[in-house]
Amino acid sequence: MSRILAVHASPRGERSQSRRLAEVFLAAYREAHPQARVARREVGRVPLPAVTEAFVAAAFHPQPEQRSLAMQADLALSDQLVGELFDSDLLVISTPMYNFSVPSGLKAWIDQIVRLGVTFDFVLDNGVAQYRPLLRGKRALIVTSRGGHGFGPGGENQAMNHADPWLRTALGFIGIDEVTVVAAEGEESGGRSFEDSCDEAEQRLLALARSA
C-alpha cells in the first residue's frame, strides 16, 4: 500500500494554484491506486514555528538519550513531522514561488525535519564533515506555481529560481534524491499563456499518477 505525505505550503486556500494542481495529482493517484493512504500537512495556512535557541540546543545535544524533559518538549513537533516523513513512500510538496524562493512555512518545515542523527548524519574525515543521508526508498513530487515565466531549466530567469532547486538540495541531503518537479508559470499575467501552462501541468500530473 502506497503512503503519501502531502505538504501544502501556500497560505491561500481555493485560490492557490499549486494546491489545486497537487490535489489533481492526489485524486488521480487515489483513483489509480485505491489502497493508497494520503496524509496532509498544512504549513501554509497553519505555519510552523521557526526554530529557536532551545530547539537548536536540544537537536544538537551530544548525547540525545540524556536530553532533559524540556529538551524533549522542544523537539516534540519536529519528532512528529519527521515521523510523518518516515511513514511515507511518496512526498508531495505543493508550493508557490515567493520572491524567488518558497513561503516561510515551508522553510520552517524543512528546518524541522532536517535533523542530525535522525534524517542525516556525518563523520569527520581529517576534520572535514562527510554527510550521510538517513532516509531510504522515498520519492518526492514538487508541484509549484510561478508568477512569471522562464524560471525552469534553460529559461531566461532560471538563475533567479531558488525554490524547487533549493528543495531538491534539502531533500537530497536527507536521502530523497528521486525528485520530480511539475510547474505552472505565468500566474501573475494570467490569460491564455497561464491556462496553457496549467493544462500542461495537469496532463503531466495525471500521467505521473497513473504510471506511479
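Just so you know, glycine gets a Cβ as well, placed from its N, Cα and C.
Annotated FMN binding site per Swiss-Prot: SER10, SER16, GLN17, SER18, MET97, TYR98, ASN99, PHE100, SER145, ARG146, GLY147, GLY148, GLU187, in sequence order, evidence recorded as experimental evidence. The feature substrate binding site is assigned by Swiss-Prot to ASN99, TYR131, GLU188. Look at Swiss-Prot and you will find TYR131 tagged as site 'Important in the architecture of the active site'.
What Swiss-Prot annotates, mapped onto the structure for a quick look.
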{"residue": "SER10", "record": "FMN binding site", "Cβ within 10 Å": "25"}
{"residue": "GLN17", "record": "FMN binding site", "Cβ within 10 Å": "21"}
{"residue": "MET97", "record": "FMN binding site", "Cβ within 10 Å": "23"}
{"residue": "ASN99", "record": "FMN binding site", "Cβ within 10 Å": "10"}
{"residue": "TYR131", "record": "substrate binding site", "Cβ within 10 Å": "11"}
{"residue": "SER145", "record": "FMN binding site", "Cβ within 10 Å": "25"}
{"residue": "GLY147", "record": "FMN binding site", "Cβ within 10 Å": "16"}
{"residue": "GLU187", "record": "FMN binding site", "Cβ within 10 Å": "18"}
{"residue": "GLU188", "record": "substrate binding site", "Cβ within 10 Å": "10"}
Of the binding-site residues SER10, GLN17, MET97, SER145, GLU187, which one sits closest to TYR131 (substrate binding site) when you measure Cα to Cα?
MET97
